[in-house]
Amino acid sequence: MSFFGKMFGGKKEQAPSTGEAIQKLRETENMLIKKQEFLESKIEEELNIARKNASKNKRVALQALKKKKRLEKQLQQIDGTLSTIEMQREALESANTNTAVLTTMKNAADALKAAHQNMDVDKVHDMMDDIAEQQDVAREISEAISNPVAFGADIDDEDLERELDELEQENFDKEIIGIPEPAATLPEVPADELPEKAKEKKKATNPSNATAAAATGGDDMDDPAMKELLSWAE
């Protein structure tokens, strides 16, 4: 089959993968870079020949310049080809990356679909409702267990509050109103005898007074003169 037959007709060959195409483009790019370096060295060589023969042999110098021009044209073409290959390689690399990303995302989607295959949204909602209901039941059971039903259920809180108020009022009355009055204290009995008692006792123990009283029979004690005499004698 001719070249044009391969290009425009005939059996189509299977397209290479993106990885294979990228590898081929890199190989071609490396080849063109080496060709580019060779042409640059040849251009520099022809330029040196032209310089050496510029004054000695103009024909050789002109031939060298013409060859340099052809080499520069080839170098220019290679530069354009390299730019095209580089853009194509970057496009293929981007496509390869996108393909890998899409493949990974598709695998993840298939795995997620498989994971949800045996799940039903309605069943999930029902299960969550059952869980919430059981949690409510558990909370009610805990509250019922912690409630002291059998201990002190017959005690009225209002009665307790009333009794507490009475106790507080009683304490207030004792502290403020019911302060006991201090007991009255009697004066102490003097240890010494009173002056009148001491005088009477002295009279009773005086022998002269006793003799005079006996001689007069005790009647003269009431006489004022006798009292004055006794007072002087004392």
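Quick reminder: no glycine exception, Cβ is built from N, Cα and C everywhere.
TrEMBL lists coiled coil at one of the ranges 10-37, 150-177, namely 150-177. For the coiled coil (61-88), same-chain residues at least 6 beyond its ends with a Cβ under 8 Å from one of its own Cβ atoms are 25, 28-29, 32-33, 35-36, 39-40, 42-43, 46-47, 49-54.
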